[in-house]
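Record features, source Swiss-Prot:
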MOD_RES   4  phosphoserine
MOD_RES   17  N6-acetyllysine
MOD_RES   21  N6-acetyllysine
MOD_RES   181  N6-acetyllysine
MOD_RES   182  ADP-ribosylserine
MOD_RES   242  phosphotyrosine
MOD_RES   247  phosphoserine
REGION    464-648  region 'ATPase domain'
BINDING   480, 481, 482, 483, 484, 485, 486, 487  ATP binding site
MOD_RES   500  N6-acetyllysine
MOD_RES   527  N6-acetyllysine
MOD_RES   541  N6-acetyllysine
REGION    587-602  region 'Actin-binding'
MOD_RES   678  omega-N-methylarginine
REGION    690-715  region 'RNA-binding RGG-box'
MOD_RES   696  asymmetric dimethylarginine
């Protein structure tokens, strides 16, 4: 009998993960892997004994089996499998939807190797988040749920005697490996990519051998080296997701706010999209949910100055807890405060004429850093001074009223009377400002200094304003294959129209992740690939935020499929929607991609390029666009080239699989027995379109898969099993776990998605997913939005 107080074999998957998180160990993998890892850690804690030995570890079935009959073991195993399946069923069903989407989506057909490669990349992208422990990441849950069902469920179904014989030998091998890794806290950014053979051997040692044989091509958890899995590959994976759902409804327009334009405040136009500004425009924070925790967010004040001696105050109100991001090597909280020109970017201190003082006690300008002043923290107040009355413009700071001296000196000739604007850059922090609106400042200021709000209006300079109406806003969608020259065109066009466009592309997202000091930390620890994987995920949510803003945008992505074009442009209803097609000659395209591969390395596998060629569709004015521009080949020539590409794709790739039309699958259970009884027939996890009481023994348990036409919560809102009526919960009532409201019925449309009912399940905030439309906007209308805690941020279309 093990001396450990934790009996590992009796823990569910969620409990195993919780125990592993307490010990700062990785919680990814199949249930067998989690059990081995936890048991090894427990053995080490108990005194460094071997991780798994027959008769000594709590996982050994031999001692327990002696006191129970075989039938009892089978019943316990079946009950455990059902409980685990209930926990993970939604994730598994979501995983099935992913597979169907891959088959039916814009990617077309692919051979078995290509499909495995996609699944492995999707797993790498979202499962091993390398330090980014994201509870809301639906793709990570898919991998865990599907993996646990496929692996652990097979183990549970083994006869007790066979299980007892197999486990000791399995545990010894896996336990030694786990023991070696659990000697200290493990950074989850560290990822080991094992060769396919070794990885398969590990899975078989974990009890997943039968599943691999039965599953055929569905090999989950197999990781492969990714020589050609760079930025382009993750963009390609993200782009395919647009083929899986119906076109979204246009977002609800923002309410027109009547705000006194003479007041100095944070400017809602001159800020990042993910910079959350309060309604009074005097406080703000960066978004922190999901992958946004990696991004820096900044904004400027509405007015700047070019004369006198002026100041403003900034208080760090909170370092927002980022519970889904754990790392001991990366600074996850930071604030920079200072001044910049209106032509400068939002990354304070990363350009010329952009001056910032950091929470770490560092001053930064044009990516050059130097120690300055003191470090500051929560509840500290930083006063920023700009003195234009000396021979050189002097920028200085004070911490809690204590002068820190001059930080920057700027030549007036170089500055050329251009105004400087208050500017802040946040990384998982919340701040508030005093531009002079307070009757009494946080700390006294020199008598000869004036708050910027108190400077006469004629001596202040208003920052640039955005379009007044949505009809005046412009969105330009780039369309073209990877490496065709889209970004080159965007860079040139933006330079010809300075300050007009917000560019939404992977490059811009990466820039907001890799601020100079942070970039160096990531490079030193070898974690840049984490950002590379997260950037395309953020970009999709950026586009949804952008559709609510009155600005001009350029979408710098491939957008080759008709589905991606349609679904993105549907969000921008009311905008001037334009398309720019970059389609060079085939010879030119080959030269460009070869040159790019020589400089940046190959980042997209050949089969992915072939799929994109096969799905390349030229846009039409009548559909989603008001205007279409062809940069190189014109429409007729481009159409001929695309026909050539489609033939090339068709010959190189296997025949396209038959698409799922959405009809019900035939019931494989021909017995016709009670399908809502656990004991026989189909368990009724999903797929039934229940319109009335056509079932036995009262209403079935609320297992989360029946189409109730929106009348009741789905997951856990009402429990019950067997003949218990649906109003009676099986256990603790958690309406709206956050999965699809129709989670499991074969007709997956028609109802709002992800997070429809309960907004606070398990403390994950107000909306697990980001596609719920009605709930989020109601929340905004009810005035609850700014009452939320910052760490409860979960993006949805009405969020912001």
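Every residue gets a Cβ built from N, Cα and C, even glycine.
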Integer average pLDDT (0 to 100) for the region 'RNA-binding RGG-box' (690-715): 45
Cα-nearest neighbour of residue 482 (ATP binding site) within the listed modified residues, 17, 21, 500, 541: 541
Summary of DSSP states over the region 'Actin-binding' (587-602), given as helix, strand and coil counts: 14 helix, 0 strand, 2 coil
Cα proximity to residue 500 (N6-acetyllysine), best match among binding-site residues 480, 481, 483: 480
Residue 21 (N6-acetyllysine) to residue 484 (ATP binding site) - Cα separation in whole Å: 45
Whole-number Å value for how far residue 17 (N6-acetyllysine) lies from residue 486 (ATP binding site) (Cα to Cα): 44
Secondary structure of residue 21 (N6-acetyllysine) (DSSP, helix/strand/coil): helix
Proximal but sequence-remote residues of the same chain as residue 481 (ATP binding site) (Cβ under 8 Å, at least 6 apart): 558, 560, 583, 589, 609, 612, 613, 616
Per-residue Cβ crowding (10 Å cut-off), top of recorded positions 17, 486: 486
Separation of alpha carbons, residue 541 (N6-acetyllysine) and residue 485 (ATP binding site) (Å): 24
Which of 480, 482, 483, 485, the listed binding-site residues, has fewest other Cβ atoms within 10 Å: 485
Integer Å distance between the CA atoms belonging to residue 487 (ATP binding site) and residue 541 (N6-acetyllysine): 20
Spatial neighbours, same chain, of residue 487 (ATP binding site) - Cβ under 8 Å, 6+ residues apart: 505, 507, 556
Neighbour count (Cβ, 10 Å) for residue 21 (N6-acetyllysine): 14
